[in-house]
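So the structure is just underneath, and the comments pick up after that.
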Amino acid sequence: MILVIDVGNTNCTVGVYKEQKLLRHWRMTTDRHRTSDELGMTVLNFFSYANLTPSDIQGIIISSVVPPIMHAMETMCVRYFNIRPLIVGPGIKTGLNLKVDNPREIGSDRIVNAVAASEEYGTPVIVVDFGTATTFCYIDEAGVYQGGAIAPGIMISTEALYNRAAKLPRVDIAESSQIIGKSTVASMQAGIFYGFIGQCEGIIAEMKKQSNTSPVVVATGGLARMITEKSSAVDILDPFLTLKGLELLYRRNKPTTEK
């Protein structure tokens, strides 16, 4: 079995794969102040609930966009699983040709998503990840990662509206059936919801126009379902795209990582 860990700015997603099949997955809050023991106890609790043990795991791979948590995360893997994890970063074999100004600055989550989408759905492909930031990645028909766009995520934008507009309340992110709100809260929720649908559709349309292609559009991330259910711009919703990419990258780099 393989343990895959996706460390995002808001949440960490943990999954267990066996023979390329996702058996279990869990989510925990990303806290850069957690110790390796706290991380270990959390993961072991997940395992206990699923009747798994650390000895079931033969390899671990981690993607992280939060550098401060990585020392504790790597220490946890060694201490509780006796495995030195494979880290997605420079030197890892991805199979992608990165045609960007500085490949090292691309977030590992974007690389993982691009690998998974290209393998699973073919190219050209646009990957939209609705996370703390909303990212759009374009991989051309030759499988070349051409770059993309990064926009503030829906949660960041919602919180900024509350923090910077004195008379506006904090609101929950919710699907709105009416674009014309009858109250301040309803108006904010409508603006946030339909605004992000418009952002998503506009960026995708412009990417298609500038690339002069008709790529398949794949969405992932915690808030993807709510947005994509109302948008015709997205072809495929894949909530486990990042975990799939991690498992695939582990197999591509397996000879040097498995215990």
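Heads up, the Cβ atoms here are built off N, Cα and C, so glycines get one too.
Swiss-Prot lists Asp6, Val7, Gly8, Asn9, Thr10, Asn11, Cys12, Thr13 as ATP-binding residues, and of the candidates Thr94, Thr123, Thr132, Thr134 the one it assigns to that same site is Thr132. Around Thr184 (substrate binding site), a 10 Å sphere centred on its CB holds 12 further CB atoms from the protein chains shown. Put simply, Thr132 is the one of the recorded positions Asp6, Cys12, Asp109, Asp129, Thr132 whose Cα lies nearest to the Cα of Thr184 (substrate binding site).
Reported as a whole number, the C-alpha separation between Thr132 (ATP binding site) and Ser108 (substrate binding site) equals 14 Å. Asp6 (ATP binding site) counts 27 other C-beta atoms within 10 Å of its own C-beta, drawing on all protein chains shown. Scoring each of the binding-site residues (Thr10, Thr132) by how many neighbouring Cβ atoms lie within 10 Å, the top position goes to Thr132. For Gly8 (ATP binding site), the recorded positions whose C-alpha atoms fall inside a 10 Å radius of its own C-alpha are Asp109, out of Asp109, Arg110, Asp129.
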